[in-house]
């Protein structure tokens, strides 16, 4: 990554993608955006992530040791909380795209986030972690008080709301710092998403090692205060970059524009769609959707083209042609088409997110029932996510330095693999992670000497399953960020980023449903079930193998959806954003 750029003499001194400075003037290339602003945003995101994982990665242990919840209840509560984080991303994306813009959205939700972390730290200090230092491996806490539990849930869901609303906006805001009409900045924009995911994992590294270790030994209050301090520092860094950021104006409520297309198409259900050059489009920028570049007509979902079909009735009444509930532009119709075409791809990523979410719940519970002593050193089960982070860091480097050049020569694609191909690879590696986790659980059960004692199998046997999850993330989540952000129309850019978070959210909720269904079907009066309170009497391995089988089915559906998908085409001097249909 080279933060410095030398502009050719012929290049315009201002950006040409519609970005502006904070005063609303066209952004000057030399004074705004690029890596100078992007690096600050990456540091901000790394610190926010450090704070989030300082709470989230060990929260399942906090629920069991401090709030006295059993394994199944704690796992489901974590899935609900994590799912809520990413559901809130849709709210943040909506406010960002429609009304506030990305800068304001990031700032407001970070303030909510910091406030939630401070309340959690205070509630733990004065009400929950009693006696002081309890909640370690052998130190039992008192029963939590009702006010303490209420403040715990209030603060953690404020953290979920703040982090969820911030995430899609920061991803898109970071990519906004690069003008995609400039070839050099366009390459930097693609690279930004890899560094964005790298910042996420670097930020979580400290939390997954140092903070988890101290929290596991009972120093929960210290861990939460460190998280709050990291989030506060992130907010300060974000505000320091204010003079140099590039901005895009919000484009208004996209839900209204989408509804207009469906209403107009329904009104003309029996109309015959003419040739594409006869469909309605304005010559200049549409004032109703300011800042959105025109999109060329596509042949998919042709029934929506009725909304842009001019009927004889409208030819004779010019006032009706100005009614967007009767007649829409091609760009407005294509905006809806783009969203609808992305949805099947998005739905196929949910099963992968079910696999991914096991790392924060069942992987931790599985590790807690293994031998967590390495010599005289106690290795917290939650710290095993360190190997996921190291795997992500290693595979980002391997992908960019090794796989991209090799695949570029083989495929002729300068990016190596397309976003859709990378997501498919991620599905395959995630499926392999579940098979490995199942095999490890079989071995763990074989080495259980007593039902109420941990297995003698070392927790380090979990390293391969964490490493495979990390490798799959590089292909799946980085590919998702690039795909949904690149393919989303201008008016719903943050929504495109939010789809990645919403996938993780629904993955958590589907995980809750699967755990509940599997528990109810496999447990009985004389049967403990696959996921009982004591994993030594269960069959967690069968649950992992079930997820592997579901991933295989999902992969087949994904390949079919990716083969059907055709990318967005912008009307900008031949500029086209495409995603390969081949996986």
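These residue numbers are counts, starting from 1, taken along the chain as shown.
Cβ coordinates are placed from backbone N, Cα and C, and glycine is handled just like the others.
Record features, source TrEMBL:
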- 1-23: region 'Disordered' (REGION)
- 38-63: transmembrane segment (TRANSMEM)
- 84-101: transmembrane segment (TRANSMEM)
- 107-128: transmembrane segment (TRANSMEM)
- 192-214: transmembrane segment (TRANSMEM)
- 220-240: transmembrane segment (TRANSMEM)
- 343-364: transmembrane segment (TRANSMEM)
- 376-399: transmembrane segment (TRANSMEM)
- 420-439: transmembrane segment (TRANSMEM)
- 499-523: transmembrane segment (TRANSMEM)
- 543-565: transmembrane segment (TRANSMEM)
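A contact links the transmembrane segment (107-128) to the transmembrane segment (220-240), because at least 3 Cβ pairs that are 6 or more residues apart lie under 8 A.
With a cut-off of 8 Å between Cβ atoms, the residues of this chain six or more beyond the transmembrane segment (499-523) that come close are 72, 75-76, 79-80, 82-87, 89-90, 164, 167-168, 171, 342, 346, 349-358, 361, 477, 480-481, 484, 488, 529-532, 539, 543, 546-547. Counting Cβ pairs under 8 Å that are 6 or more residues apart, the transmembrane segment (376-399) and the transmembrane segment (192-214) reach 3 or more and are in contact. Note on the transmembrane segment (343-364): residues 56-57, 60-61, 74-75, 78-79, 82, 381-382, 384-385, 388, 420, 423, 426-427, 430-431, 433-434, 437, 462, 465-466, 469, 472-473, 476, 480, 483-484, 499, 502-508, 510-511, 514, 531, 540, 543-544, 547, 550-551, 554, 557-558, 561-562, 564-565 of its chain, located 6 or more positions outside it, place their CB under 8 angstroms from a CB of the stretch.
Tertiary neighbourhood of the transmembrane segment (84-101): same-chain residues 108-109, 157, 159-161, 163-169, 172, 247-255, 491-495, 497-498, 501-505, 508, selected by CB-CB distance under 8 Å and a gap of 6+ residues from either end.
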